[in-house]
């Protein structure tokens, strides 16, 4: 059984355990109130008896008989024992809840450590996107005629891009806080880094060159030559072939 399964099983049983302890506390409280009521009546009766004894002269003011009965004293001791039992029971209920909180803290700490190790592993094994993009750009510029360039490409997904995609689809997901390369080149009208599928403008002199599908209204690879909106408005003689 995994840590999470064990914690869930213990957590499911917690309400019933606490309910039994609270029920016992309630019963003890009722018993304590009844004993206190009886003791108050007995003490009042003892006081009345002492007053009558003093009036009749049977008891003097410094007599050893001026004390509560043994029954009254025993009831007071019993009330103290019940009160102590209530305190101990409440402490056990508190400790039980506190133990579950500590287990939850340990589980969250374990998740945090696993995520930290995963981030370190991804950072150590993933090449920077800038290096990959430079290779793509170098391959494109190697063809002086501008022909033979691929219309589309898939941007390499790094750990940071994967975390951003997960955060956009699942707002409750935990952010990985991976560092972003400030030297990462940007493309497209949106001036953002490469991601997803991108299309290249067929004008070799295009200042931007690469565009995200969504930014230029494309859903699939265009057929034939494709020009961005900036280059499409230029005279054909200015589009070098």
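Keep in mind that glycine also has a Cβ here, set from the backbone N, Cα and C atoms.
Annotation comment: TrEMBL describes 188, 190, 212, 215 as Zn(2+) 1 binding site. Taken from TrEMBL, the feature Zn(2+) 2 binding site covers 201, 206, 228, 231. The domain 'PHD-type' annotation in TrEMBL covers 185-234. The feature site 'Histone H3K4me3 binding' is assigned by TrEMBL to 187, 198, 202, 210.
Summarising model confidence by region, the domain 'PHD-type' (185-234) averages a pLDDT of 88. Among the recorded positions 187, 190, 210, 228, the residue whose Cα lies closest in space to that of residue 198 (site 'Histone H3K4me3 binding') is 210. Long-range Cβ proximity for residue 201 (Zn(2+) 2 binding site), meaning a same-chain Cβ under 8 A and a gap of 6 or more residues, is found for 208, 209, 210, 211, 226, 227, 228, 231.
Its own atom aside, the Cβ of residue 210 (site 'Histone H3K4me3 binding') has 22 Cβ atoms within 10 angstroms in the protein chains shown.
Taking every protein chain shown into account, 190, 206, 215, 228, 231 are the binding-site residues, and of these the Cβ with the most other Cβ atoms within 10 Å belongs to 228. In terms of C-alpha distance, the listed recorded positions 187, 202, 206 place 187 closest to residue 215 (Zn(2+) 1 binding site). Sequence-ordered, the extra residues of this chain that approach the Zn(2+) 1 site, with Cβ no more than 8 Å from the Cβ center of 188, 190, 212, 215, are 187, 189, 191, 192, 211, 214, 216.
Spatially, by CA atoms, the recorded positions 202, 206, 212 include one closest to residue 187 (site 'Histone H3K4me3 binding'), and that is 212. Note: the CA-CA distance between residue 212 (Zn(2+) 1 binding site) and residue 202 (site 'Histone H3K4me3 binding') rounds to 15 Å. When other Cβ atoms within 10 Å of the Cβ of residue 187 (site 'Histone H3K4me3 binding') are tallied across all protein chains shown, the result is 21. For residue 188 (Zn(2+) 1 binding site), applying a Cβ distance below 8 Å and a minimum sequence separation of six or more within one chain yields 198, 208, 210, 211, 212, 215, 216. Cα spacing between residue 190 (Zn(2+) 1 binding site) and residue 206 (Zn(2+) 2 binding site): 15 Å, rounded to the nearest whole number. Highest local Cβ density among the recorded positions 198, 202, 212 belongs to 198, counted as other Cβ atoms within 10 Å over all protein chains shown.
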